[in-house]
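Novice: The structure follows.
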Amino acid sequence: MEIVILAVVIALVAVGLISGLVVSSRKKKQLPPSAPSSTPTITPPAEPRVGEEAETPRDEARRPIEEVGVPGAGTPVEETPVVVEPEIPELEVPEPTAGRLVRLRARLARSQNSLGKGLLTLLSRDNLDEDTWEEIEDTLLTADVGVAPTQELVERLRERVRVLGTRTPDELRTLLREELVTLLGPDFDRAVKTEGGDGTPGVVMVVGVNGTGKTTTTGKLARVLVADGRSVVLGAADTFRAAAADQLQTWGERVGARTVRGPEGGDPASIAFDAVKEGIAEGADVVLIDTAGRLHTKTGLMDELGKVKRVVEKHGPLDEILLVLDATTGQNGLVQARVFAEVVDITGIVLTKLDGTAKGGIVIAVQRELGVPVKLIGLGEGPDDLAPFEPGAFVDALIGD
Ligand code: GDP
């Protein structure tokens, strides 16, 4: 009997053990594969132990920058490379400005074939009859050289070709080069004036109709100056176009130039004033002021730009007023130039978008119109696609050398 009872007890225990195993294994299956411990939010974060590889972003923030391995900021850690947003934005190093036009000449040559190469082809004809001279004239007019300069050039070319008699292609190229360079005014002083007096920053105001590339040019010019070792403060006084201040600030941040800005629709004159004040306070070399160019009415424009100029000049005289013109707008650009010249004293012209037009002759026409030199040209949307204007290099790009 006792043996029977013992056997029953053993059997019961065995059944109990088996069912327990089954239940626990079922429970295990119900758990998600990588379930965290039941209450992660109240568990205090474990302190990182020596040798642990994974680190939280907070830990990264606490580590000195050399340890984290920000590019260029020290020796990177050996084990796992850690990707961290650099806290200090990396500054770009703009291209040097010397020889930019030569480097960018392909942009001009591509778009200017009809002017330079067209003229050379026409002049190379065996028989330079009246029709050919008319074609030469048309080529110049089509390229926006303007009526008076075209007539002058054709007259001089006719005279020189006649004296030359037989012509070799090389002689023709030299002759055309000389005449075009003469027409571009090789003696103009094309340096952008950025030297202030008495240790104060040079102040440059950038004006022009919206859409001509004014803000972009101001940003590119900041890069030109930084490339030449100058420190720059930007004044976002185009408060009319919503994105203009952001756009300018982005340009500035890329090269470490501070931007002074105000509320959208704010008073451009007070922003311009504050920008110069800031430039003086931080001992900057140059202050560049971007302005709004609404050609609503001449009086409106005059009021607006006139006020900006007057207010800025409370700090001292402006060193340069650059007029930005879009080369693709042709005669319309000349009309704009006339209006702006009546409102403020333009001291230099920036011709933008010369990469996208065959109308490079506008350089000649606008200088004639205003009696003011083209100082810079825009040859693309890239950050360093703004070049100091050099007549010789420009003509070489047009006709090849
Ligand atoms: P703003 O209204 O006068 O300040 O004009 P933006 O600076 O905003 O420029 C208007 C447009 O012209 C932008 O898309 C610029 O990238 C473009 N732009 C400016 N300069 C040049 C240039 O030299 N070449 C080309 N192809 N585009 C340019």
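Glycine too: its Cβ is placed from the backbone N, Cα and C atoms.
Note that TrEMBL annotation is computational and uncurated.
Residues annotated as region 'Disordered' in TrEMBL: 26-63. Summarising the annotation, TrEMBL assigns compositional bias 'Basic and acidic residues' to 49-63. Annotation source TrEMBL lists GTP binding site at 208-215, 290-294, 352-355. Residues or ranges marked as domain 'SRP54-type proteins GTP-binding' by TrEMBL: 373-386.
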Novice: From the binding-site residues listed here (Gly211, Lys214, Arg294), select those whose CB sits under 6 A from an atom of ligand 1.
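Specialist: Near ligand 1, sequence order: Gly211, Lys214.
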Novice: Any idea what DSSP makes of Thr291 (GTP binding site), helix, strand or coil?
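Specialist: Going by the DSSP assignment, Thr291 (GTP binding site) falls within a strand, counted as strand.
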Novice: Tell me the Cβ neighbour count for Leu354 (GTP binding site), meaning other Cβ atoms within 10 Å of its Cβ, over all protein chains shown.
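Specialist: That number is 29.
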Novice: List, in sequence order, the same-chain residues at least six positions removed whose CB sits under 8 Å from that of Thr291 (GTP binding site)?
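Specialist: The answer is Met205, Val206, Val207, Lys214, Ala237, Asp238, Pro268, Ala272, Glu304, Leu305, Val308.
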Novice: Can you see whether DSSP assigns Gly208 (GTP binding site) to helix, strand or coil?
Specialist: coil
Novice: Looking only at Lys214, Arg294, the binding-site residues on record, which one has the least crowded Cβ, with the fewest other Cβ atoms within 10 Å?
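Specialist: Counting other Cβ atoms within 10 Å of each of the binding-site residues Lys214, Arg294, the minimum falls on Arg294.
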Novice: Where among the binding-site residues Gly208, Gly211 do you find the Cβ with the fewest other Cβ atoms within 10 Å?
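Specialist: The binding-site residues Gly208, Gly211 were compared, and Gly211 has the fewest Cβ atoms within 10 Å.
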